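Visitor: So TrEMBL has the following annotated:
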BINDING   46, 104, 105, 106, 146, 163, 164, 241, 242  substrate binding site
BINDING   117, 142, 143, 215, 241, 274  Fe cation binding site
């Protein structure tokens, strides 16, 4: 099946770099996974200011739209629209297959179909954490919400589906990649939304915080409302794996409650596999498929509402 993805408009303009170099201390994992020094294009990971990267212009233009339009009103509208889960009924594996030809235009590190990334992440985790089957499955399904690009799921543009996520309803932290473009967001100068806490309170819990809309929140919604038996840490990973300002930069920690703090430990483990397992090395789908089908059966109903 070919998936037609609406591309972001090329808005031009060059922006100042807004990314941090890799912290070498973060390159230590508990298992034997070897972290590459460069991505599949030969550049540093998450190098949003790398002028030599052929994907740089498209990635930056996507973030310009994302930061301009992801407002409180937009997120409320998307949540209401997609909370009905009335678009299609299908299994987890059927959804995996829909991603065969989806390429994430916000990702400077990989241009392979998303199903390749899902399997690379899951298999890398499985190798180092063989007894945590819930984490293997989380690796497989964490990006399934990218089906939002499909016409049958609303055909949302990529700026409303992929990319780093961040809270709306409070000040946009400067650690968010391409922060400069938030100045065009209608919430940027709104006194109700542009303070440290905005509409939230200290330690209110991330579950009470509205995140920018995208595949993370959608897949969390699908899993939760279809009564998955995955642990809370898995749901936390699904919902916040693109929240790099939190799990990489330490921003927004003032909004976290005690449960968030505990779940963040698993997300930080997961994130290293999510990011650094991206490569041109293909996984033999038919070889690993039976294992993941058994996990899907263990943690999900046969068919889900999407």
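Any Cβ shown, glycine's included, is placed from N, Cα and C.
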Visitor: What does the structure give for the C-alpha distance between residue 142 (Fe cation binding site) and residue 242 (substrate binding site)? Integer Å is fine.
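Guide: Pair distance, Cα basis, whole Å: 10 Å.
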Visitor: Take the Cβ of residue 242 (substrate binding site) and count every other Cβ within 10 Å, whichever protein chain it belongs to.
Guide: 25
Visitor: List which of the binding-site residues 117, 143, 241, 274 have their Cα within 10 Å of the Cα of residue 164 (substrate binding site), in sequence order.
Guide: 241
Visitor: Taking the Cα atoms as reference points, how far is residue 117 (Fe cation binding site) from residue 242 (substrate binding site) in Å?
Guide: 14
Visitor: How far is it from residue 241 (Fe cation binding site) to residue 146 (substrate binding site), counting Cα to Cα, in Å?
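Guide: Their Cα atoms are separated by 13 Å.
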Visitor: Using a 10 Å cut-off, grab the number of neighbouring Cβ atoms around the Cβ of residue 143 (Fe cation binding site), all chains included.
Guide: 25
Visitor: Cβ within 8 Å of the Fe cation site's Cβ centroid: which residues qualify beyond 117, 142, 143, 215, 241, 274?
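Guide: Here the nearby residues are 118, 121, 216, 242.
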Visitor: CA-CA, which of the binding-site residues 105, 146, 242 lies nearest residue 215 (Fe cation binding site)?
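Guide: Given the candidates 105, 146, 242, the nearest one is 146.
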Visitor: My understanding is the cutoff is Cβ-Cβ under 8 Å with a sequence separation of 6 or more in the same chain; which residues meet that for residue 274 (Fe cation binding site)?
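Guide: Counting only residues 6 or more apart in sequence, the Cβ neighbours of residue 274 (Fe cation binding site) under 8 Å are 121, 139, 142, 241.
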Visitor: Between residue 242 (substrate binding site) and residue 143 (Fe cation binding site), find the distance joining the two CA atoms and give it rounded to the nearest Å.
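Guide: Cα to Cα, residue 242 (substrate binding site) and residue 143 (Fe cation binding site) are separated by 10 Å.
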